[in-house]
Each structure stands twice: as structure tokens, then as C-alpha cells.
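Here is what TrEMBL says about this protein:
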type	residues	note
TRANSMEM	47-67	transmembrane segment
TRANSMEM	79-99	transmembrane segment
TRANSMEM	111-131	transmembrane segment
TRANSMEM	143-167	transmembrane segment
TRANSMEM	187-210	transmembrane segment
TRANSMEM	222-243	transmembrane segment
TRANSMEM	249-273	transmembrane segment
TRANSMEM	294-314	transmembrane segment
TRANSMEM	458-479	transmembrane segment
TRANSMEM	491-510	transmembrane segment
TRANSMEM	522-543	transmembrane segment
Amino acid sequence: MDVDIHDHPSYHKHAEATTSELFYDLFFVANLTTFTSMLEINDRTSLTAYIGFFSLLWLTWYQVSLYDVRFSTDSVFERIAKAIHFGVMVGFAVMGVQWKAGQEVTDFKIFKAFGLILMVSRFTLACQYGITLIYSRKYKKTVVPIAAIIASTTIAGVLYGALVAALPAMKYDADGSPIEQKSDVYIAWYIIGIVETLITVSVSCIWRVISFKGTHMVQRMSLLTLIILGEGIIVICKSLSKIVKNEFLWTAAVVGQIIAAILIIYFLYMLYFDRLQEEHFGTIKQQWWSFLHFPLHTSLVLVLQGVSLLVIWIQAVKAFDDFAVVLNPVLNATANLEYASGIDMAAAYNATMWASVYDYVPKGVDASKAIKGNDEAMYILIDAYDSLLADPTNETAVNLVTYGTDEAFALASKTIFDSLSVSIPKNKEKKDDKKGDEVKRTDPIALLLSYIHVFELVFTYVFVAGGLSLILTTLLGGLSLPARQRKPSQYIRLGINGSCGLGLCLISLIKFNKDHEANYLVSVWMIPTLCIVYFVCVLANHVRLPGKAKSH
């Protein structure tokens, strides 16, 4: 540090991200990729769990970055501290695989370990700030702000550690089996993370001596944005691989969805980076600009994850429609008793199942239970159909034929979605006992509705997150707008972007009209709608008004 006669220390600041910071970002990317691939969003609980884990991951990354861009130097202590932060990220990776926030679990051991990991992370940061305070203690204007950050970070660490004791201990029933329990302690983690971050940012706003001015904070946030957009490309490519593995035909609708999905990422890239200002645009503005990346990155992760699922949904709808078209003649022939025997009927039904579904199950998908269930249904159909031929009024035979066809149809439908790695929440996979029989009957309509409910949720959060992404990029663009560009034309462009974002959010309200929602869900216009709106915003940002000279 250089001595400043005005009592303002001159910290060593980097013009760009250091290699250690970039290496730390790799751990963030690994966590995000692993967690995204492991946790499927198929109900509100998994959605909130996804947002919650990403929030803890992002806030931890942000807290470390706030220190790095202002005070980090290359020393033995800093390298040890960075190694601890790397270990914390490894802890996130371990936790991400077993993250079941809001669900009932038998053992909270992994949650307790994670609480301790968060505690270690904050204590390490407190030590780093403490060393900085020791070296800059002669500058009185730095003592109070750095001490305030040390206090808030230490208190956060203590609270993370104290909450470990609040997590339930294991309980057992009379047979000695562990009892599933639910705990909401994890919500406190979210609150602590947000509050401590707000305190750190607020302190930097009040005491300008430790602000982000002259740092590479803009580069850090833009780099993480680029990483998240890259993660979006990865998840969309994974969706393509699932379609390819199933040997589905490349229809114009599916190709259009893929092109639109890639363009969405490209347009988001342009909407963000075209308004990125490398120059300093205000001490307070820059600090809140950086923190607003938290909701922006959360929205981007959700919209890109959701778009990849909508690509799969369009393919699943197409595959299911093709399957239904082939199966309907067999069902009609069965209803009209056109087959000469139960063997002929079951053979036709079974051949349809294999030709449309089971012959195309990709490697890595276990369809053995479905195939076994299908075989059992065929044996039931043989006897039941023969009984029905002998006596068309035999209600038991009618019920068994209905059961056999429903069971085989439901198993095949589930296999189609399983092949595309789409599942429904386990608590919704219910079977109703069939009256008069010991076998359990699967309701194919209820099963299909469960899948529809999953994509209703995906549709809702994709459009809400897509709209919020647009609103937040607009807000960030407004905050970073240089004085020379603060003209009515620029505010009109920002207004168009913000209005389009609000419009995307409002599209999600279509869910309150079930008929319109059903028509929209089975159409091919969900992803193109997002793409078109983003394209309009890109045009609005770059189209020159008539008679206006281009500014430089």
C-alpha cells in the first residue's frame, strides 16, 4: 500500500481478473453444471430448492469476489485462504447432489455438514478482511467500514454454525426404521446470505474508500454472465443429445425449436453485453449494479434450463401423438371385437408397443420394469379378450380388457418420457386399487396429467424468468448509461425493453384459462415467442431513428 496524505490508502487493484479468480470461477461452473444435471425441476418444491441452492452458491461466490476485486494480493496467507474457498466449493458440489430442501428426509447429516461449510467460508473471509484491516489500520477512514464487514461476516458465520443444532436429529419408529422429517432451517441460510451481502454492499456505498471504483468488478460480473449463458448452451445441447439417442425424426417443428433456443441465448448475450460499460459510471450505481446480477443470473439460469425442457416437451408431444395415431386402430378393433382370438389381439397390441416405443429405448434408460409390466398386461388381455368373445356382456372381462390396455398404454407413455429424462414427482406416481381384483390399476389419464402439470410449471417459470431477465438487463443498462448517452431516444429504447419484459411475464397468466393454456402448451410457439420478443428488443436497441446521426 502507498501512503496517502489524505488518509486514503491506495490498495493494489488489478485491471482484470487474476488467474486465481478465474480458477475459482471454474469451481462455480462445475457446481452449476453438476447441480443442473442432477436436480430436475418438476414441481414447486424442486423449483424453490433449485433457486435456493443457486442463491447460496451465487452469494458465496459474490462475497469472495467482493473481497478479491478490492483487497486480494498474492501471498502465502491469501493462497491458503483461496484453497479453503476451493474446498468450500467442493462442499457445494457434494451438497448439490443430495440437496432436498423442503422435502422429508430421514437424516440431516449432510445438511449439518453444509451448515459448517458455510460457517468456515464466512470465517475465512472474516480473517481475510482482518488481515487487510491490520495492514491499513493507520488509515482511520478504513477502520470502521472494514470492521463493520468483519463483524457482519463473523456474525453470519456464527449463525450458520448455530443453525446446525437446529436441524432435527434422527428419529426411529417402533420397528427401528428411520422416520422421515421435514425442516425449514435452510430458509434461514437464504436470509443470512442476502442480509450479509446487502450489508457488505451498503458499507461500500457509505464509505467510498473501500468502494469498487478502479476495480475490475464489471469484468467479474460480465464474465460470470458469460459463464451462465455458456451453461445454457450446455443444457440445450444435452436436450439435443436426448432427442438424438431416441432416434426421433428431425421434424421442422423440432428443428425450429432448437434454432429459436440457440437464438434466445444469442439475443440475451447481445441485450446484456451491448449495454455493458467498462468505464466507471458512479460509485453507488456500480455497487448496486453488481448486486442486481443476483436476480439476473437466477432468472437466466431458470429461463435457459426451462427452454431446454420445452425443447424436450415439444419432442415428447410429437412422439406421443405419433404413438397414439398408431395405437388408435388397435384400440378400435379391440372395442369392436374384430380380432379372432385373444392371442391375435394381444399380438397386435404388443407389436404396436414395441414398434413405437420399446424398440427405441436408448442406452442408459432402464425400461425393464415397463417391459415386464407390458408382458403381464398382454397375458391378462389374452384371457380377458377370449372371455369377452365368448360373452360380450361379461363385465369382469370388459374390466380386465380395459385394465390391460390402460396399463400397457400408461407404461409405454411413461417410457417415452423416461427416454427423454423427464419424470414426475414421486408423490404423484399413485396407483388406484382396482375393485374386485388384487392388481393395481394405473390411470393413464392421471399419469399424462401429471406430466402436463410438470410442463405447466416449466411454462410459467420460463416466461416469468424470461421477462425478468429482460427487465433486469434493462435496469442494468439504465444504471450504467454514461452521461453522454442519457438522451430521450435511449430512454425510449430502455422503455421498450422493459415493457417487452413485463409482457413476457404477463403471458404466464394464460394458465388461468385452461383452454388457452392447453392449446398453447401443445403448440410450437412457446420458445419462438421468447425468441421473437428478444429479437424485437435487440432491434429496438440498435435501429437508428430517421435523421439521427450515429453517435460515437
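Every residue number used here counts from 1 along the chain in the order it is shown.
Heads up, the Cβ atoms here are built off N, Cα and C, so glycines get one too.
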Are the transmembrane segment (249-273) and the transmembrane segment (458-479) close enough that 3 or more Cβ pairs fall under 8 Å, when only pairs 6 or more apart in sequence count?
yes
Where among 79-99, 187-210, 249-273 do we find the most Cβ pairs under 8 Å to the transmembrane segment (294-314)?
249-273
Same-chain residues at least 6 beyond the ends of the transmembrane segment (249-273) whose Cβ lies under 8 Å from its Cβ atoms:
222, 225-226, 229, 232-233, 236, 240, 243, 300, 303-304, 307-308, 310-311, 314-315, 318, 469-470, 473, 476, 497, 524, 527-528, 530-531, 534-535, 537-538, 541
Please give the sequence-distant neighbours of the transmembrane segment (522-543): residues at least 6 beyond its ends with Cβ less than 8 Å from one of its Cβ atoms.
253, 256-257, 260-261, 263-264, 267-268, 270-271, 274-275, 303, 307, 310-311, 314, 317, 459, 462-463, 466, 470, 493, 496-497, 500, 503-504, 507
Same-chain residue ranges lying at least 6 outside the transmembrane segment (47-67) that approach it to Cβ under 8 Å:
21, 24-25, 28, 31-32, 35, 39, 41, 85, 88, 92, 95-96, 99-103, 118, 121-122, 125, 128-129, 153, 186, 189-190, 193-194, 196-197, 200-201, 204, 217, 220, 224, 290-291, 294, 297-298, 301-302, 305, 457, 461
